[in-house]
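Record features (Swiss-Prot):
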REGION    1-152  region 'Disordered'
COMPBIAS  1-17  compositional bias 'Basic and acidic residues'
COMPBIAS  18-27  compositional bias 'Polar residues'
COMPBIAS  28-45  compositional bias 'Low complexity'
COMPBIAS  46-59  compositional bias 'Polar residues'
MOD_RES   Ser69  phosphoserine
COMPBIAS  79-91  compositional bias 'Polar residues'
COMPBIAS  98-107  compositional bias 'Polar residues'
COMPBIAS  115-127  compositional bias 'Basic residues'
COMPBIAS  128-142  compositional bias 'Low complexity'
REGION    187-233  region 'Disordered'
COMPBIAS  187-207  compositional bias 'Low complexity'
COMPBIAS  208-223  compositional bias 'Polar residues'
MOD_RES   Ser250  phosphoserine
SITE      Arg343  site 'Arginine finger'
SITE      Gln378  site 'Glutamin finger'
REGION    543-564  region 'Disordered'
Amino acid sequence: MGVRSAAKEMHERDHNSDSSSLVTSLMKSWRISSASSSKKPSLYKMNTTESTSLPSGYASSADRDRRTSDGNFEAMAKQQASTRRTSNSYSPLRYVNPTLSTASNESPRPALLLRQHHQRHHHHQQPRHSSSGSVGNNCSNSTEPNKKGDRYFKDLDEDWSAVIDDYNMPIPILTNGGFGTPVAPTRTLSRKSTSSSINSISNMGTSAVRNSSSSFTYPQLPQLQKEKTNDSKKTQLEIENERDVQELNSIIQRISKFDNILKDKTIINQQDLRQISWNGIPKIHRPVVWKLLIGYLPVNTKRQEGFLQRKRKEYRDSLKHTFSDQHSRDIPTWHQIEIDIPRTNPHIPLYQFKSVQNSLQRILYLWAIRHPASGYVQGINDLVTPFFETFLTEYLPPSQIDDVEIKDPSTYMVDEQITDLEADTFWCLTKLLEQITDNYIHGQPGILRQVKNLSQLVKRIDADLYNHFQNEHVEFIQFAFRWMNCLLMREFQMGTVIRMWDTYLSETSQEVTSSYSMSSNDIKPPVTPTEPRVASFVTPTKDFQSPTTALSNMTPNNAVEDSGKMRQSSLNEFHVFVCAAFLIKWSDQLMEMDFQETITFLQNPPTKDWTETDIEMLLSEAFIWQSLYKDATSHWL
């Protein structure tokens, strides 16, 4: 009990001393604030003298009161001084050791006093929860924790009061893997080492990265956007003008290439002409080149004029004989043509002129009369229009060629010129239909064979699309018949059709030339009947090979027959690959459609905005498929 009462008495005395110290601190701060600044040293000395004559307990209490009083006064004084410095001008400061503050009559900061007061208060309350033996130990060692706490808060206060005025420090950079260490700074901070800084040397790397993340000023990255060329500053009009200039230069180069082949030549190299025409023919050269590729105009330039006069005269004579009273008119054929002509290209003004309709009607009727095996079939009226429109540009100035579809030929052509135009169109149409006669004879077996070949080709190229058509019960004949009958003319605009025919006639010319070369090689010089005739039906030699079928040997009779079939199916064969490429182009969309949607889509495909570039891509894809499957007979089975 004695120990407990003694502890209680000590606690009450300390508590009373704390209370009295707070009151004394407030009173002294009031007296000091009212006193003059000149008496401050004497007051400090008097308090120091008095503290030495008092007992130890009272001395410690008085010392605490003095520190509290000095702290409050100096805190207010420093606050006013900092305000004046801020308002007047900025003055960089150096790091100052907090231990020297007592020498300059500066006491610790209020935060330190509050911390010490809290520690003292906590120190006197701790014996309630400890034994009597620990009370003595805590009392004897009460000054040591205060010193450690003072050092801790002094370091923090020192950091807060530091002002860095070294502007030559290198800027840290971010390197791969973390922050890079600055290279040997030219100046260092004038900060004195303390015990806390020495203890934190081991954690320097971690603290440097942590502190630098909040104070680093990263250098700006180079502005790559500003280094762009002047192309980005070009307007849309300038870009379009440059594109037009490039296209014009390309056209001029192509025209010069065709001039080198066609001009000032006695014999035109049809092989070179075919190769260069595959990629498109300039408009000013197209009428002559088409006549050469189709086989209507001879390659010997000296014979061309006489040949044209003879063929045009033959056409005039045929018209006179056909429409004379001596010849009875085929009323059903004439009536069918008369119905189909107004429905030919109704969206083009050229074919709505009466003069054009009369010319097309005469051409088609004369062809039907001269080819009774097939007669007139719907679809031939579409095939005649590319020739008619292309040959019509011969009678227009080069600057008006693009207006051919809106001008009435009767306004700039005489009757004789119109007849010559009809004659050239008639003979070229005849040359074209000779290659696809099977498409228009009874039963149209050529078209049925093409549709079958198309289905088998799509089965090899795109099996998923073929299976989808099978699941939806879509038959190729339901949409591909018109593709074969009109050569895709109703699926494209006339301008793109004419471009497509540049390639078609180039492909056709290759087989026709080969056939002609074969027949010319077989021609023997004329002999009299007295000379023995060389047997015609003999087994060919080992080195003999048909130009159109170089991979197999055959008799001359079979060679002629097969070459004729090859010549007639040449255009059909390439056209099948074009149709396959055209169908596969819409494969992704068709896979999502049912039967009705598929038929509707394929009967009216979205090709209204197609350009010559789109047609060239289609023809290139068709050529690739032909190169892969032309000699593979499995896909035709």
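Keep in mind that glycine also has a Cβ here, set from the backbone N, Cα and C atoms.
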Distance from Ser250 (phosphoserine) back to Gln378 (site 'Glutamin finger'), taken between C-alpha atoms, in Å: 39
Cβ neighbour count within 10 Å of Arg343 (site 'Arginine finger'): 11
Distance [Cα-Cα, Å, rounded] between Ser250 (phosphoserine) and Arg343 (site 'Arginine finger'): 37
Recorded positions compared (Ser250, Gln378) - highest count of Cβ atoms within 10 Å: Gln378
